[in-house]
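Taken verbatim from Swiss-Prot:
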type: BINDING; residues: CYS47, HIS69, CYS176; note: Zn(2+) 1 binding site
type: BINDING; residues: CYS99, CYS102, CYS105, CYS113; note: Zn(2+) 2 binding site
type: BINDING; residues: GLY205, LEU206, GLY207, GLY208, VAL209, GLY210, ASP229, LYS234, VAL298, GLY299, VAL300, ARG374; note: NAD(+) binding site
Amino acid sequence: MSTKGKVIKCKAAIAWEAGKPLSIEEVEVAPPKAHEVRVQIIAASVCRSDTYVINPAFKEGLLPVILGHECAGIVESVGPGVNNFKPGDKVIPLYVPHCRKCKFCQSPLTNFCTKFSEHKNPIIEQELMDDKTSRFTCKGKSIYHFLGISAFSQYTVVKDINLAKIDDDANLKRVCLIGCGFSTGYGAAINDAKVTPGSTCAVFGLGGVGLSAVIGCKTAGASRIIAVDINSDKFAKAKALGATDCLNPRELNKPVQDVIVEMTNGGVDFAIDCAGGSEVMKATVDCTTVGWGSCTFVGVNVNDKGLTISPVELILGRTLRGSSFGGWDVDTVPKLVSDYKNGKFNLEALVTHTLPFEKINEALDLLKQGKSIRTILIY
């Protein structure tokens with residue numbers, strides 16, 4: 001029986017309160033409206049960004065909410081005006097929209113879109129659809145969306161400009177990682193930092209994003225990749241993916257940036273911060289060489305005050321830039337999927353656990369405890 005145009009009842013993990021476990025509930029998912037697509041989620045992964053809104057220290061989050069944004073699925077139905085998707089298409093929802101019409105979409109300099117850049121904080125400002133209503137209801141109460149995706153539901157509704165259509169034979173249980181973590185780190189290295197062959201690099205933070213940045217540096221031909229994390233258990237994985245050296249700041253007798261400068265005769269060519277926080281941001285800057293050192297910032301910490309920097313550090317030739325989703329968009333993500341299929345990079349190494357969707361709280365605990373890189377949730 002067709003579900004097109006009808007409300008779908010399904011299971012979703014709802015965050016009712018900050019600091020509390022998610023609750024598996026039956027939700028009602030409304031049909032897609034104009035330029036919207038309803039997607040059946042097949043597989044998703046847990047990203048640290050999913051935990052920000054339910055962190056008691058984060059005061060701006062809107063609850064109740066269905067979290068999740070790193071996923072892949074199949075189109076169930078489309079709303080009026082949707083011409084580039086049809087039921088049965090395999091897709092990856094993206095938190096970065098791409099309208100193809102605005103000045104950002106038409107520029108080769110960014111993957112931003114007016115629909116994205118108008119948000120001061122996209123983590124909390126894509127909580128409703130364009131008509132300022134939600135497509136989710138539970139127990140008669142409207143439930144907020146998250147990053148325009150809400151992957152922790154068996155069905156979700158997203159805007160068509162937030163969807164990438166991918167190959168029919170794509171393995172959704174792996175390419176779901178391309179929805180955020182892998183693309184963010186890998187692209188930060190090859191698209192935004194533009195790591196060059198023979199260069200030296202430092203990567204701070206060895207979660208899914210940081211390890212993907214290591215893969216990106218290796219793919220770009222870096223001769224030395226220094227991986228930094230306070231969890232030494234991640235070093236074996238980092239070296240397997242291309243890191244030449246690993247440093248734990250807690251095991252050093254001087255600041256890690258000073259050690260890196262000594263190791264590289266003056267500092268690395270490229271440094272990528274995938275951890276966030278003022279201390280790590282400062283170390284990222286300080287570990288790069290004067291003259292041409294490149295600093296790329298990817299990581300975000302809840303309520304962190306950010307970086308304070310002297311103009312002299314910039315006058316000496318360093319460049320600083322931010323990176324969002326690694327420079328990819330809905331038009332370039334399909335090529336990433338093809339590259340994975342053709343063996344250009346390995347997503348398997350990032351997957352440490354696979355769990356049924358109902359065990360989502362276990363997946364979140366593994367992430368918080370530093371025991372997982374990426375846990376795949378199977379719906």
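Using the three backbone atoms N, Cα and C, a Cβ is placed for every residue, glycine included.
Within 8 Å of the centroid of the Cβ atoms of CYS99, CYS102, CYS105, CYS113, where the record puts Zn(2+) 2, the same chain has further Cβ atoms from PRO97, HIS98, ARG100, LYS101, LYS103, PHE104, GLN106, PHE112, THR114, LYS115, PHE116, ILE161. Counting other Cβ atoms within 10 Å of each Cβ, the lowest count among the binding-site residues CYS105, CYS113, VAL298, VAL300 belongs to VAL300. In terms of C-alpha distance, the listed binding-site residues CYS176, VAL209, VAL298 place VAL298 closest to CYS105 (Zn(2+) 2 binding site). With respect to their backbone Cα atoms, CYS113 (Zn(2+) 2 binding site) and HIS69 (Zn(2+) 1 binding site) stand 18 Å from each other. Each residue contributes its Cα atom, and for GLY205 (NAD(+) binding site) and CYS47 (Zn(2+) 1 binding site) these two points are 14 Å apart. Each of ALA44, SER45, VAL46, ASP50, GLY68, GLU70, CYS71, ILE149, ALA151, LEU177, GLY179, CYS180, GLY181 belongs to the same chain as CYS47, HIS69, CYS176, is absent from that list, and has a C-beta within 8 angstroms of the C-beta centroid marking the Zn(2+) 1 site. Listed in sequence order, the binding-site residues from CYS47, HIS69, CYS99, CYS102, CYS176 having a Cα within 10 Å of the Cα of VAL209 (NAD(+) binding site) are CYS47. Cβ neighbours of HIS69 (Zn(2+) 1 binding site) (same chain, under 8 Å, six or more residues apart in sequence): CYS47, SER49, ASP50, PRO93, TYR95, PHE146, LEU147, ILE149, SER150, ALA151, GLY179, CYS180. In this structure the C-alpha atoms belonging to VAL300 (NAD(+) binding site) and CYS176 (Zn(2+) 1 binding site) are separated by 21 Å.
Here the binding-site residues are CYS47, CYS99, CYS102, VAL209, and the one with the most other Cβ atoms within 10 Å of its Cβ is VAL209. A distance of 22 Å separates the Cα atom of CYS99 (Zn(2+) 2 binding site) from that of CYS176 (Zn(2+) 1 binding site).
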